[in-house]
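Over in TrEMBL, the protein carries these features:
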- 35-54: DNA-binding region (DNA_BIND)
- 12-72: domain 'HTH tetR-type' (DOMAIN)
Amino acid sequence: MARPVYSADETENIKQTLIQGALSLYLEEGPESLSLRQIAKRVGLSHTVGYRYFENKEALLAEMRRACILEFKAAAIPAQDSGEGDPIERLRAALMGLLEFGSSQPAKYRLIFSDSQPDLAEYPSLLAQRWEVFASCVNLVQAAIDQKRLQGDALMFSHGLWSLLHGMLSLHAANQLIHGLSLQEMAGPLIDTFLRAGCLPQPHEHSPRKQSAAAD
């Protein structure tokens, strides 16, 4: 029997069905449960259909990561949609949004940043999406620098924030925050401390006493 011929939209719908089925299986049973046959069975498709859309399991995992990264990125979008308001507050809100995603969706966070995944250079679309999330942080930092609220290099400062963010989330996801403070207790204060360290002093009006002394 000849295989059915699908339109581009139908093909994409089947692919997305497999990706969402894989994510559902992963969240319920862990990464060990994932196989193209099991995923196809879960969504009610032929056990061989997965091989038509994904070269192998790693290709499917890359698409699963892409789906999770879109959610991760969306967590920061409300903070930078309008481009208005205090740049430090916008940056802080974006970071807290990313932390909220990572803390409320630890399995998806681990999937995105797993240390057992192949070289991202093998999956350029996935690498591009990872860059987009980081670039949103760099752009917010640069906006704060442009408005004389932060000092330093935007890329370097963003790497510092990124390391702080992922350090906290990695410890939280691994249940290793065992020294007296939870993620919720430490996240805001640590981010504020980091941001204050990079803030430029803001100009203030001279007091009458200082103005008088200067006149003398």
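Note: Cβ is positioned from N, Cα and C throughout, glycine not excepted.
Any TrEMBL annotation is an automated prediction that lacks curation.
With helix defined as DSSP H, G or I and strand as E or B, the DNA-binding region (35-54) counts 11 helix, 0 strand, 9 coil.
Mean predicted confidence for the domain 'HTH tetR-type' (12-72): the pLDDT average there is 87.
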